[in-house]
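Just below is one structure, and these are the notes that go with it.
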Amino acid sequence: MEGGEAASLLGERSLGRVAEFKTYRRRWFLLAAVCLLNCSNAMLWLTFAPVADKTAAYFHISLETVNWLSIVYLLISIPFGLVATWVLDSVGLRCAVILSAWLNMMGSITRMFSVLKFLSLGSRSYWYLFIGQCLCALAQPLIIFSPTKLAALWFPDHQRATANMIASMANPLGILIANLLSPALVPEGKHIPLMLGVYAVPAVTACALATLGIHEKVPPTPPSASAANSNSQPFFTGLKMLLRNKPYIILAVCFGGGIGMFTCFSALLEQILCEKGYSNASRFRHQAIMLAITSSLFGFFGFAIYPIAMELAVECSYPVGEGTSTGLIFVASQVEGVILMILLQALTVRVSEDPFSTCALDQDGALDWTTPVLVLAGLCSAMACCYVIFFHTDYKRLHAETIGGDLVKAEDTATADVPES
């Protein structure tokens, strides 16, 4: 082989190597659509929690019945979470996102039927509300599991953690918006219909973006080595591998417990505080600074660990599919959340004639949440200690990419050393 021919062959191989990975600008549109959908779903989940007392008064139901509008998310996502992991890893990201978008939109619209006066639903109005929440709950696992899959398939390795962080943080952002927006929209129970209409707007917008804007389940050319060699294990094989993976089990129990605690805290916060004299208009009673600091720290560190834990779940379980590894943790968190919701409500003590209570419904006495909150704090500390002491793992995906990079360099070196003929 002549020297010029060898150089030409080397150049062609190098160009092929450069073209092996490619990023597309439309990945940012996909990220925006997933973010809006994730945020909308979280807003729909906690629509009623910040105004639980006013919701109960408007629909003539008990606070326990209102709590079921949040608990239903946990119950449905446990069985459907396994289905969602299969959809993501077997059918694809596009199908998962579009399906979740339509479920989310239909749920938000169904909830509005409960407040349409011309239907004269009477006591049946609550069931339209409940069915709408169920549809939104079906959408939750599909969209919650999507960020890691989206980051792995569409973003290069140096942007993967950032993309996962942005998409994942859209969910707690929705929780924050719901906690601020619901009390602002519902100073009185008669404003409940307005609140339902406002919350339907992001859901409809997200559905339109996902349906009209997402056309491919994977990019034509992968953005990274791990995406190029994305041969995930079959679904049930992956589940078996996860259940035998000790670091993953520890992460699932500890981080899943953290999500479950955050779920309980978010859903029950208004009921916990109103008994102590705190209202939706922030009427602090002697503890303004301490309450603000502790709640801020809880949210700041709780939100920050979410995308990190999702990435860590993928790293310690590779080559199990991203949907399966993150999905099983979410299912574990929902199981723990249901247990905690039932346990914490069982530990409350009814206090009659509390002069400081701002709860709208306290005819039978307000509920004292002191013991449940202390139990929640103790469990949070115990799980944090368990994670720090027992969790140790290798970064398997990064290791696989490093090996792949070394092989590429070795091949390039061998090609460069081809002797002239």
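Backbone N, Cα and C define each Cβ position, glycine as well.
Please treat TrEMBL annotations as automatic predictions, because they have not gone through curation.
Quick look at what TrEMBL annotates:
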type     : residues : note
TRANSMEM : 28-48    : transmembrane segment
TRANSMEM : 68-88    : transmembrane segment
TRANSMEM : 95-114   : transmembrane segment
TRANSMEM : 126-145  : transmembrane segment
TRANSMEM : 166-186  : transmembrane segment
TRANSMEM : 192-214  : transmembrane segment
TRANSMEM : 248-269  : transmembrane segment
TRANSMEM : 289-314  : transmembrane segment
TRANSMEM : 326-349  : transmembrane segment
TRANSMEM : 369-390  : transmembrane segment
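Within its own chain, the transmembrane segment (289-314) has Cβ neighbours under 8 Å at 147-148, 152, 160-161, 164-165, 168-169, 171-172, 176, 248, 251-252, 255, 258-259, 262, 265, 278, 322, 325-326, 329, 393, 397, counting only residues six or more beyond its boundaries.
Taking Cβ pairs closer than 8 Å, the transmembrane segment (326-349) reaches residues 64, 67, 71, 73-75, 77-78, 81-82, 84-85, 88, 141, 144-145, 147-148, 239, 242, 251-253, 255-261, 263-264, 267-268, 309-310, 313-314, 367-372, 375-376, 379 in its own chain, all 6 or more past its ends.
Among residues of the same chain six or more beyond the transmembrane segment (68-88), those with a C-beta under 8 A of the stretch's C-beta atoms are 45-49, 55, 95-96, 99, 129-130, 133-134, 136-138, 140-142, 145-146, 149, 235, 263, 267, 321-324, 327-328, 330-331, 334-335, 337-338, 341. Tertiary neighbourhood of the transmembrane segment (369-390): same-chain residues 250-251, 253-255, 257-258, 261, 264-265, 268, 271-272, 275, 340, 343-345, 347-349, selected by CB-CB distance under 8 Å and a gap of 6+ residues from either end. Long-range contacts of the transmembrane segment (192-214) within the same chain, counting only residues at least 6 positions beyond its ends with a Cβ under 8 Å from a Cβ of the stretch, are 29-30, 32-33, 36-37, 39-41, 43-44, 47, 51, 54-55, 58, 94, 97-98, 101-102, 104-105, 107-109, 111-112, 114-115, 181-182, 185-186.
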